[in-house]
Structures are given as C-alpha cells and as structure tokens.
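Feature annotations, reproduced from TrEMBL:
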DOMAIN    4-157  domain 'Peptidase S54 rhomboid'
TRANSMEM  6-28  transmembrane segment
TRANSMEM  40-58  transmembrane segment
TRANSMEM  64-82  transmembrane segment
TRANSMEM  89-115  transmembrane segment
TRANSMEM  140-160  transmembrane segment
Amino acid sequence: MDDLITSQFLHAGFLHIAGNMLFLWIFGNNVEDKLGHVKYLLFYLTCGVLAGLSQWYFAPYSEIPSLGASGAIAGVMGAYILRFPQAQVLTLIPLGIFITTIRVPAVFFLGFWFLQQAIYGFASLNVQTNVGMEGGGVAYWAHAGGFVFGFILGPLLGLFNDKNR
C-alpha cells in the first residue's frame, strides 16, 4: 500500500513531471476550490491509489514500475469534466512549423483524452504476456481508472456543494 502512495510523488524524468504538473495546473485549482483543501488532498491521494490498483488489475504481470501523479491527476480531470462541463481549454495546435492556440470545450478535450487512454489500454492488453511485455511503458489503465474514479468520487465528496470552503 505504501508503494501506491509514494509512487505518486516519483517520476521517470523531467518531461514526465512537467506534463503532469501542466495538467494539474490547468484542472486542479478549480476542483480544489470546490472541494476545499483537505477534501481535495484526500480525493487526490485516493484517486492515485485507485488508479494504481486499476493498473495492477488490468496488467498484473507488468514488470514496469508505476510512477507518477498521472492517475491522481486523471482523477482530478474526471471530477473537472463533471463540475465544469461548459469550461474552455486553451489548446496548442501544431501546424507544421507553426503553432497556434484554440479554445476547445473541456468536455471534448477531456473526453478525447479519456477515450485515447482507454483505446491504448485495450491495445496494450494484446501485447502483454505473462512475463510482462508491454508497449511503451505507459500506465494507460492507471490514467483511465483514475479518471473514472475521479468522476465517481468527486460528487460523493461534495464537488457540487459550494459550501465546502
């Protein structure tokens, strides 16, 4: 159980932690504002633990260690899509050598992200064997599981109650 908590604070490199912190910065503060600091911390850590258990359930023979806050942050994203369905996300769009930005509905952005994680998760089931062969070393099931558990737990913890603060 200790590994399920401490692994949330370890990352495989700079880009891993930078990507996680970007998503936490975009989505986390709004969810924290609605839940309050203490509930948010419990929510975040619980989503991280449940995300780790999701990865273990779907990839029990994996020899790749699960590291990072991605599952917990995916839980925050699952709560965000429920609480802020009308929000817009400023998104970078590469166009060859140029980059532009557009505002995308959060429900589309996060829905697409979740669908991508689920598809890659199912695809990874085909490349796993009982000796732990995985493609890419990404914990797609932790991402998808964290998102689903955040979607479920957010309302149970009072995500829609504005008197939490």
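These residue numbers are counts, starting from 1, taken along the chain as shown.
Positions of Cβ are set from backbone N, Cα and C atoms, glycine also.
Whatever TrEMBL says is automated annotation, not expert-curated.
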In contact by Cβ distance (the transmembrane segment (64-82), the transmembrane segment (140-160); 3 or more pairs under 8 Å): yes
Residues from the same chain, set at least six apart from the ends of the transmembrane segment (40-58), whose C-beta lies under 8 A from its own: 1, 3-5, 7-8, 31-32, 66, 69-72, 74-76, 78-79, 121, 125, 139, 141-146, 148-150, 153-154, 157
Integer mean pLDDT for the domain 'Peptidase S54 rhomboid' (4-157): 88
